[in-house]
Every structure is written in structure tokens, then in C-alpha cells.
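Asks: My structure is below; once you've seen it, I'll send some questions.
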Amino acid sequence: MDWGNVTAEDLLDALREVDWSSPPRPLSEFFSKFTFPRSSSKWNSRLKCNLYYYRTNYFTLIVSVLILGFLRRPLAIVAAFLTALSIAFLNDSFAGTFSEKVSRTVRRFSPHLAAKMRPPLTPVIRGRPSSKRAIYICGQPRWVFVLMSSSASFFLWFVSAGLLTVLWALAIGLLATILHASFRTPNLKARLNTFREEFRAVWRNYSEL
């Protein structure tokens with residue numbers, strides 16, 4: 001895959017659809033080899049490749065920096081968690097996994113309530129499922145959970161007055177992420193993982209036909 005031809009919009013779409021449940025890469029691999037990119041095009045490709053391949057490591061890094069910044073503001077930690085949750089709900093894989101686990105837990109106590117949390121049937125057009133499949137969480141449209149979590153986080157940010165703290169912590173986390181993604185040399189596993197994800201996407205689109 002030529003990461004130089006991948007736009008920022010394509011990268012965001014891939015990060016939104018990819019599975020985030022995989023554990024972070026080992027630290028021995030994460031801090032393995034660093035080199036200076038030879039050109040701006042090489043840097044552009046390396047940055048996108050590493051952001052995609054080490055996405056879980058970068059997410060863990062940013063969350064850890066935020067937690068360290070909020071040790072003196074417990075309420076801001078809850079606000080940061082709700083903010084991260086509202087962003088995570090935008091990922092299709094996370095939304096589906098979250099809905100499935102919540103429904104499975106509710107089914108143990110109330111099967112009737114769990115039945116109401118099932119998503120509506122996918123509309124069928126000319127004998128085929130609609131390609132624009134809406135994402136539901138616990139039987140409700142995804143935007144409901146995004147709106148609820150983001151509204152609660154905004155209120156907690158206002159009450160805790162920790163917005164300046166999160167901006168500094170977020171800036172440090174993002175700077176560390178960009179520096180690592182810029183100088184970490186992509187290895188063979190990163191390239192193979194990219195091709196594997198491409199094959200899964202093509203097979204998924206083929207199976208929907």
C-alpha cells in the first residue's frame with residue numbers, strides 16, 4: 001500500500017472502521033528503531049503508516065498523559081473519560097462491541113429488556129441489504145449516545161474548570177505521538193498488517209454484494 005496516496009480523510013475513515021480491540025504493540029517493538037525520514041514524501045507515508053499501525057499505543061499514550069494531568073482534578077478525569085467515550089462511539093467496531101456486551105449483560109437479568117435493545121432490521125433494496133447501514137447502540141441510533149456522553153462531559157468540564165489542563169495534556173500527548181510516528185521506521189509487520197487490513201476490507205465489501 002502506498003501511504004503517500006492516502007489522504008487524511010481516508011486515514012480518518014480507516015481509523016473509524018478498523019477494530020480497536022487489539023492490544024497495544026509490545027514496547028520492545030514500539031521503541032525499536034528510529035531514523036530520520038529522507039524526504040517530505042517519506043515522512044508523509046511513514047506518519048500515516050505508523051498512526052494506523054500503532055493506533056492503540058498512541059491512544060494509550062494520550063490517555064496516560066491525560067490521567068497524569070488530572071491527578072489533582074478527579075472530576076476532570078470523569079469528563080475526559082466521557083469525552084473519549086463519545087469519540088470512541090464514532091468508531092463502528094467499538095460501537096458494535098459496546099452494544100453487544102451491554103445487551104449480553106442485560107440479558108442475564110432481564111431478557112425482555114434485552115430484546116428491546118436489539119437494533120432494527122437492515123432495510124433491503126432490490127433483494128440486497130442497504131449499503132448505508134446505520135449504526136445502533138442498545139437499540140438506539142448512535143448519535144443519541146454520542147450526544148449524551150458529549151453533553152455530560154461538557155458539563156463536567158465546566159464544573160471542574162479543567163479545560164486548560166486538558167489542552168496542555170492533550171498537546172503534550174499529540175506532540176509525543178507525532179514525534180514517534182515521524183521517526184519510528186515502519187517494519188515489515190506494519191506493512192503486512194496493512195495488506196491484511198486491505199484484504200479484509202475488500203472481502204467485506206465483496207461479501208455484501
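Backbone N, Cα and C define each Cβ position, glycine as well.
Just so you know, TrEMBL annotations are computer predictions that nobody has curated.
According to TrEMBL, the record shows the following:
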type	residues	note
TRANSMEM	52-71	transmembrane segment
TRANSMEM	77-98	transmembrane segment
TRANSMEM	143-160	transmembrane segment
TRANSMEM	166-183	transmembrane segment
Asks: Where else in the chain does the transmembrane segment (166-183) make close Cβ contacts, counting only residues six or more beyond its ends and a cut-off under 8 Å?
Replies: 30, 34-37, 43, 46-47, 50-51, 54, 58, 61-62, 64-66, 68-70, 76, 79-80, 157
Asks: What residues elsewhere in the chain lie close to the transmembrane segment (143-160), defined as a C-beta under 8 angstroms and at least 6 residues from its ends?
Replies: 73, 75-76, 78-80, 82-83, 85-86, 89-90, 95, 137, 166
